[in-house]
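Taken verbatim from Swiss-Prot:
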TOPO_DOM  1-23  topological domain 'Extracellular'
CARBOHYD  ASN3  N-linked glycosylation site
CARBOHYD  ASN17  N-linked glycosylation site
TRANSMEM  24-44  transmembrane segment
TOPO_DOM  45-52  topological domain 'Cytoplasmic'
TRANSMEM  53-73  transmembrane segment
TOPO_DOM  74-97  topological domain 'Extracellular'
DISULFID  CYS95-CYS187  disulfide bond
TRANSMEM  98-118  transmembrane segment
TOPO_DOM  119-131  topological domain 'Cytoplasmic'
TRANSMEM  132-152  transmembrane segment
TOPO_DOM  153-194  topological domain 'Extracellular'
CARBOHYD  ASN153  N-linked glycosylation site
TRANSMEM  195-215  transmembrane segment
TOPO_DOM  216-235  topological domain 'Cytoplasmic'
TRANSMEM  236-256  transmembrane segment
TOPO_DOM  257-269  topological domain 'Extracellular'
TRANSMEM  270-290  transmembrane segment
TOPO_DOM  291-314  topological domain 'Cytoplasmic'
Amino acid sequence: MENKTEVTQFILLGLTNDSELQVPLFITFPFIYIITLVGNLGIIVLIFWDSCLHNPMYFFLSNLSLVDFCYSSAVTPIVMAGFLIEDKVISYNACAAQMYIFVAFATVENYLLASMAYDRYAAVCKPLHYTTTMTTTVCARLAIGSYLCGFLNASIHTGDTFSLSFCKSNEVHHFFCDIPAVMVLSCSDRHISELVLIYVVSFNIFIALLVILISYTFIFITILKMHSASVYQKPLSTCASHFIAVGIFYGTIIFMYLQPSSSHSMDTDKMAPVFYTMVIPMLNPLVYSLRNKEVKSAFKKVVEKAKLSVGWSV
């Protein structure tokens with residue numbers, strides 16, 4: 001990547017300059033991050049430890065937890081550090097690295113959500129063919145494809161953004177190096193770069209959402225065809241909670257990325273990324289895993305084993 005700029009560092013202005021909000025936010029964000037770490041890493045360890053959870057659904061869940069942990073960790077610690085130190089300077093290369101990591105794992109999540117929706121479609125709508133449809137090879141290809149798309153997409157957007165010249169202001173009106181917030185600082189013509197951003201993001205979201213919407217449409221139809229209310233009530237509730245989480249993720253990303261930078265009000269737009277960088281990674285373990293009986297059963301086994309170990313040691 002060729003550095004065509006005179007700017008060697010950026011200044012992150014943070015989420016807010018309101019002194020009254022500094023303490024509440026400083027308390028809230030570490031709390032959210034701790035829940036995110038415990039929830040996502042706990043799910044990964046639990047799925048790895050319990051052989052009963054070694055199936056396609058939990059394979060994708062463990063990858064989703066890993067992705068949530070990675071892209072949340074690329075942003076949240078820097079936000080928390082910003083509350084402690086006045087100097088919120090980030091180097092040019094560190095800014096590019098943060099953008100790359102965040103975009104890569106956010107894109108991976110985009111395609112993992114589509115893979116998970118297809119997996120649920122196969123399980124609910126084609127249960128007799130589920131084991132032959134979602135084979136180990138198919139799951140591995142879907143996961144690897146998600147990661148490849150993520151890293152390719154991150155390369156496109158990071159290269160596209162940092163190929164611009166930054167020769168004026170270096171103050172990023174954001175709490176991390178998000179693409180629109182950095183791109184708006186460019187003193188060169190960014191029209192082509194904005195079109196690349198909009199078209200590539202639109203393509204990624206369209207493909208994933210198409211798979212998700214088609215899968216869940218067939219799932220809802222299949223569930224509603226079930227004659228017993230007690231049978232379809234639980235899967236309907238589960239699918240609804242999944243759909244809400246997916247809606248928040250895509251709604252905030254569409255709001256941020258599918259508009260030209262001239263339409264952005266950075267003070268307003270800082271709130272949407274809070275959801276997809278901090279809130280969604282915290283909620284996903286609760287929505288997708290911790291409400292599941294198999295996960296709860298595996299967790300109880302771990303607790304009972306820990307109690308026995310403590311008992312023997314005493």
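Note: Cβ is positioned from N, Cα and C throughout, glycine not excepted.
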Of the listed stretches 132-152, 195-215, 236-256, 270-290, which one has the most C-beta pairs under 8 A with the transmembrane segment (24-44)? 270-290
Quick test of the contact rule: Cβ under 8 Å, at least six residues beyond the ends. What residues does that give for the transmembrane segment (53-73)? 33, 36-37, 39-41, 43-44, 46-47, 101-102, 104-106, 108-109, 112-113, 115-116, 119-120, 123, 134, 139, 142-143, 146, 277-278, 280-282, 284-285, 288-289, 294-295, 298
To which of the glycosylation sites ASN17, ASN153 does the lowest count of other Cβ atoms within 10 Å belong? ASN17
Counting Cβ pairs under 8 Å to the transmembrane segment (195-215), which of 98-118, 132-152, 270-290 comes out on top? 98-118
Only counting partners 6 or more residues apart, tell me which same-chain residues put their Cβ under 8 Å from the Cβ of CYS187 (disulfide bond). SER165, PHE166, CYS167, LYS168
What is the average pLDDT across the topological domain 'Cytoplasmic' (216-235)? 76
Going by DSSP, is CYS187 (disulfide bond) sitting in a helix, a strand, or coil? coil
Tell me the Cα distance separating CYS95 (disulfide bond) from ASN153 (N-linked glycosylation site), rounded to the nearest angstrom. 17
Same-chain residues six or more away whose CB lies under 8 A from the CB of CYS95 (disulfide bond)? GLN9, PHE10, VAL172, CYS177, VAL182
Helix, strand and coil counts within the topological domain 'Cytoplasmic' (45-52) (DSSP): 7 helix, 0 strand, 1 coil
Please report the DSSP secondary structure of CYS95 (disulfide bond), reduced to three states. helix
For ASN17 (N-linked glycosylation site), name the DSSP secondary structure in the helix/strand/coil scheme. coil
Long-range Cβ contacts under 8 Å made by the topological domain 'Cytoplasmic' (45-52), restricted to residues 6 or more beyond its ends, are 58-59, 61-62, 294-295, 297-299, 301-302
